[in-house]
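According to Swiss-Prot, the protein has these features:
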- 16-242: domain 'AB hydrolase-1' (DOMAIN)
- 22, 82, 83, 143, 144, 145, 146, 147, 235: substrate binding site (BINDING)
- 82: active site, nucleophile (ACT_SITE)
- 207: active site (ACT_SITE)
- 235: active site (ACT_SITE)
């Protein structure tokens, strides 16, 4: 089994592992690397099957997490965006000795809308999966557009995400389909009460995929951490609002209140 693409940079002493979302790759973090490099040693990872960690093998959430753990520092902060947030949360739940702190960005322990739980309708995710077979490229572009919908800088943010996708090899349809299945089927809510490490949860106030209404519900399920809602942001707050995002992240890492 080949190693994942893993790029380490930054002059800081704290290790920070950054995990991207569905359809993308580690290049999505490049715009905030300069703001974080002084405080952190950054580990930019292409998840299995994505970008330069190519391959057609679909992975379960546990398998994907194990692949990242195999190359991760012995102890680090883990930051995951969207699908990457599920991987980071899985690591924190089942390997807490390896995770000094958890940061999730526009992520949810359960992405699918359920009774009294806001999220993405299951039929919408099914629809994207069926579209992957018919129009691979267009389906990815549609999903990227959904991630920025509502933000003041939506058009600019969509262009930025699209450039990230095009900068590296596209994931296979099998890998993308498996990723959508993870978003549709994963439910980590029952395990959240066992988390006993610092946890910062970023949400975009205008996010249509992970609605801000989920924030107090996650707060009620977890004994630790807190939620931070960024006004004017959609599903990619680190792209649309890099300054408040990086400031809050650095304060969290320093152990200060955010």
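Using the three backbone atoms N, Cα and C, a Cβ is placed for every residue, glycine included.
On the structure: features taken from Swiss-Prot.
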| residue | record | DSSP (3 states) |
| --- | --- | --- |
| 22 | substrate binding site | coil |
| 82 | active site, nucleophile | coil |
| 144 | substrate binding site | helix |
| 207 | active site | coil |
| 235 | substrate binding site | coil |
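When the binding-site residues 22, 146, 235 are screened for a Cα within 10 A of the Cα of residue 207 (active site), the ones that qualify are 146, 235. Sequence-distant contacts of residue 22 (substrate binding site), defined by Cβ-Cβ distance under 8 angstroms and a gap of at least six in the same chain, are 82, 83, 143, 176, 179, 180, 183. Within the group of recorded positions (82, 83, 146, 235), the Cβ with the highest number of other Cβ atoms inside 10 Å belongs to 235. Mean model confidence for the domain 'AB hydrolase-1' (16-242) is a pLDDT of 95.
Listed in sequence order, 23, 158, 161, 162, 165 are the same-chain residues six or more apart from residue 144 (substrate binding site) with CB atoms under 8 A from its CB.
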